[in-house]
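Database features (TrEMBL):
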DOMAIN    A:8-101  domain 'Pseudouridine synthase I TruA alpha/beta'
ACT_SITE  A:Asp52  active site, nucleophile
BINDING   A:Tyr110  substrate binding site
DOMAIN    A:145-255  domain 'Pseudouridine synthase I TruA alpha/beta'
2 protein chains.
Amino acid sequence: MRNLFMKVTYDGTHYFGFQTQPEGNTVQDMLEQAIAHLTGETVKITASGRTDAGVHAYGQPFNFETASQIPLERWCLALNARLPEDIVVTEAYEVPLSFHSRRAAKRKTYRYTINGNRFPDPFQLRYQFHHPVALDVPAMEEGLKKLIGTYDYTSFASRKSTKTSHVRTIFSAHMEIDRSMCRPDSSDQGVIHTYITGSGFLQHMVRIIMGTLIQVGEGKRKPEDITGILAACNRAAAGPTAMAKGLALWNVSYEDPGEQAGVTGSKKL
Amino acid sequence: MRNLFMKVTYDGTHYFGFQTQPEGNTVQDMLEQAIAHLTGETVKITASGRTDAGVHAYGQPFNFETASQIPLERWCLALNARLPEDIVVTEAYEVPLSFHSRRAAKRKTYRYTINGNRFPDPFQLRYQFHHPVALDVPAMEEGLKKLIGTYDYTSFASRKSTKTSHVRTIFSAHMEIDRSMCRPDSSDQGVIHTYITGSGFLQHMVRIIMGTLIQVGEGKRKPEDITGILAACNRAAAGPTAMAKGLALWNVSYEDPGEQAGVTGSKKL
């Protein structure tokens, strides 16, 4: 058997999230069907984590075992030919049988995108939360920085979370404003990207963080309120869950380059 | 009567082009229906020019006469509320009754986008021509520069063109490579944007230019061949018509700022 590790990019608009659901129509289903079509095997893939319905991914890692002898360099094109066009496999590696995409993941980065311009961008409708009302972005970023560290993030987790511990680490977080689409002499405030990198994230965690930071940006809360919200360990203390469509799993990284046992050194596409 | 001048951004994927067709479902139809719904008037709008089926626009100017007394600052939001979400009116001005969006247009810029990366980008499928095979971009740009000037562009016009003169002026043209989505250690060559600014363009002109330059990039033609293709004044001398989806009307400009009679000085949104 071989253990194949791949990365997939997808537009999550038309799927019920990444992970298989009773209703079907998930990214995982599409990938498993494409693999079955290609190899004749029924495989179960393991991803770095799930994404909610409507959430996108630029680089979602997954792995699976196969007896197929198809050469590594053929997999991406062969799978893409059997996938819908909004799901694209971009990288393929062979890794040790012990490698597990979720357990080995060290850092995950999510990006949340707010279009702060006066009008929606018809080319980005499915990937941005449109918020034309003025946002105090420096205040939002000040609040965001207070989330960096190792904390119990219960206030920022869905009440449906079944995890026994809500302690996670946020390593870094920052905001970037892209003003390239701002019209001159307008009230356009740019496209505001928020990047958050952590050890792992609870259900809805990035979206609840964003819903709370948007309230900071609107002046409804102060940046220093974030500290108290964290301490409350109560979902009711935080703001609403921001819309799924603005969220994308941006990147997942594994071991540091020097000590990387699982992925580096493997055969690469 | 008032003469209102507006700019509209649209994703052209689902329309039979800008200009009204017997089959319906054009951007012009949508705009005229929204105006009729808002004002009760049957209006005919005049745009800076037409765009083909599947071609997009970041800033398509149009104007129309109306007896409506709706204040200028309300028009964009009121029309957008009555338009499909892939058509967004972004600017509105009141201009002299003599102003005509097509006749007064001085410079038009089109952008053509090629995704030269190995795999398609699922977030940009409708806005890029995917060409993963290696392209010699410096050779393409060398060929592109040979098109700058005032020429008879018959070789780069659809055979269906009904214009009496095919003489136009290309003022400037350049290419930009966006490598932000390139995966490291890959054969990704970036997203290649070509910007062409001219006095006006013949039917399919930018797409035939791009189809020819792609042949230059593939090594099938040399940059210096462009001069002979121009001189031939024969559509058969040029390359194929590149796919519509990579093309967008990027910007249309009117008088120079100092001498601008039509638009500057008018009431602005």
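Just so it is clear, glycine is given a Cβ too, placed from its N, Cα and C backbone atoms.
TrEMBL labels come from automatic prediction, so no person has curated them.
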Notebook entry, point to check: Around A:Tyr110 (substrate binding site), how many other CB atoms lie within 10 A of its CB?
Noted result: 25
Check: Can you tell me how far the Cα of the residue listed as 'active site, nucleophile' sits from the Cα of A:Tyr110 (substrate binding site), in Å?
Finding: 13
Check: 10 Å Cβ neighbour count around A:Asp52 (active site, nucleophile)?
Finding: 19
Item checked: the domain 'Pseudouridine synthase I TruA alpha/beta' (A:145-255) - residue tally per DSSP class, helix then strand then coil -> 31 helix, 31 strand, 49 coil
